[in-house]
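Student: Encoded as structure tokens, here's the structure I'll be asking about.
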Amino acid sequence: MAAEGGRRGEKKGADGAAARKAKQQGGFRTMPFILANDFCDRLASVGFTSNLITYLTLQMHIPLVQASNIITNYNGTANLTPLVGGLIADSFAGRFWTITFGSFFYQLGMVCLTLSAALPSLHPPPCAKHAADCHRASSYQVAVLYLSLLCTSIGTGGTRPCTMAFGADQLELAGRRRGAGAARPKWSFFNLYFFAVELAKLTAVTAVVYVQENVGWGWGLGVPTIAMLAAVIAFVSGYSLYVRMPPGGSPLVRLAQVAAAAFKKRKAAVPDPSLLYQDKELDAGISTTGRLLHTDQLKFFDKAAIVTDGDMLPSGEPNPWRLATVHRVEELKSIIRILPICAAGIILVTSSSHNHSFAIQQARTLDRDLTPRFRIPPASMLIFTNLAMLLTLAFYDRVLVRVLRRLTGRPNGITHLQRTGVGLTIAMLSNAVAAVVERRRRSVAVASGLLDSPKATLPMSVFWLVPQFAIHGVANAFMDVGRMEFLYDQAPESMRSTAAALYWLTFSIGSYLGTLLVTIVHAKTKGSGQWLPDNLNRGKLDNYYWLVVALEVVNLVYFFVCVKYYTFKPVETVGGEEEVELYNGNGNMKKQGGGFKQ
């Protein structure tokens, strides 16, 4: 008896030690490690992508349209791989290790890219002073470039879908372990996250781009490479402090199981929702912050939760390909409801893809002299996007939210969908201004007799481009944060990395669509006045901008229709023995005593 009591005491002591260790993990103490990782990651990525159009056209001697398509294709691939990375993280690897291995591949890609710029054998020789044509990069040199971009694309697949969700987990899950009440999305975290990202971008488009333009591309790409190494070290060093949410198994398999079970019972009549199958123990691992409650939309999938003969295995557990819990059915419904809202971000990415290509080339033709000895690098015009987003995020978080909270009564001022809609509307203004400024730039070229001198500097200040870059930054402050808040909040708990990957998937599809749009416009306008020639002075880039504005108007109408018919997910979270809090995703909480009711 004494020995048995001793063993119970040892077990109790071990459990207590584990509980104390768990309470010491997570929280704001982890933010320096996570945000330092993402800061250096973005410094590295923006440090070369923001000026990549210059590297491709002036160093690799690739034609403008082909270079623009390389950039959009790279962005498309780099934003497609996060879908794979998110699934890997949610299925078996977990977010920490997915971020770590992704960072390693990104580092490898940056090293290869730096070598391609530093070693003379990996890039073509400089153009002769009065040469009409320059030697283009060889197939071998282009292959090394593509290999570098491929490695960085694989790396973003591990970091981008997981970093935001991992950081939010540190606050949400740690709060629950400390008994801080029902878990709620940490709105301030996303503002803080995007603020750090924009700070990194600001550093990249000033210091890093300056080094590239004035010191050399070897050092200009070497600095981001060193920053990426620092990112990996910073992140891994915080290992013992992190809350690491265990993966809940493949989310795609669970979604497929629900769809298969519903199809097998397609002829069954859906009973009262209270009769649908529930199993708290089965769902415990994928619903630690609250089970999803039944919704009336997409009722076909409710058939997967109807109990029929043959649904149970000999062990007494349900056959997941024949019977699903309400929580798992609602996981599938949540993802299906999210997809149309996500799709609204595709055109937005397409409409802004030119900021890293054509807009940079516009800046190159304008007067960029600040002093007799200092000229603004064209890619550094992106600083005004970053500054505008930083200022808007600070103003929104510290001032605007407090005002809106008094008016609406919502903790975050307005819903994330309203915030996204504001951003989409402002983004249209950015492209309209860009069209007007481009028309002005071309008229200056005509008046100055420089139509056939694409490398000449026009007597027009580069600061004419500031409004279009700045307005785009304001739009991003509303739109990017709103979309990520929406995805983190509305995605099932066990699929948050996958849902974050949907955010990046819109960037991927939007980038590829940008390539398609540029290719079509370039091909269709050859016979009637080229819109997008290498010599922008002879082009009609303003027509392209107006085409983009028209697409954005159609997209905004589509977004409003999706929002009108969207249903927020209701979540059941236990606040005590007798009290249940129901969070329905729109910023409101309802409390009920007794059982679990919607």
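Note that Cβ sites are derived from N, Cα and C of the backbone, with glycine treated the same way.
Per TrEMBL, the feature transmembrane segment maps to 104-123, 143-168, 189-211, 217-242, 335-354, 374-396, 417-437, 457-479, 500-523, 543-561.
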Student: Considering only Cβ pairs under 8 Å, which range in 189-211, 335-354, 417-437, 457-479, 543-561 makes the most contacts with the transmembrane segment (143-168)?
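Tutor: By the under-8 Å Cβ criterion, the transmembrane segment (143-168) pairs most with 189-211.
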Student: Mind pulling out the one from 104-123, 335-354, 543-561 with the most Cβ pairs under 8 angstroms to the transmembrane segment (457-479)?
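Tutor: Most Cβ pairs under 8 Å with the transmembrane segment (457-479) come from 335-354.
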Student: Which stretch, 104-123, 217-242, 335-354, 500-523, 543-561, tops the Cβ pairs under 8 Å count with the transmembrane segment (189-211)?
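Tutor: Ranked by Cβ pairs under 8 Å, first place goes to 217-242.
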Student: Between the stretches 104-123, 217-242, 335-354, which wins on the count of C-beta pairs under 8 angstroms to the transmembrane segment (543-561)?
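Tutor: Result: 335-354.
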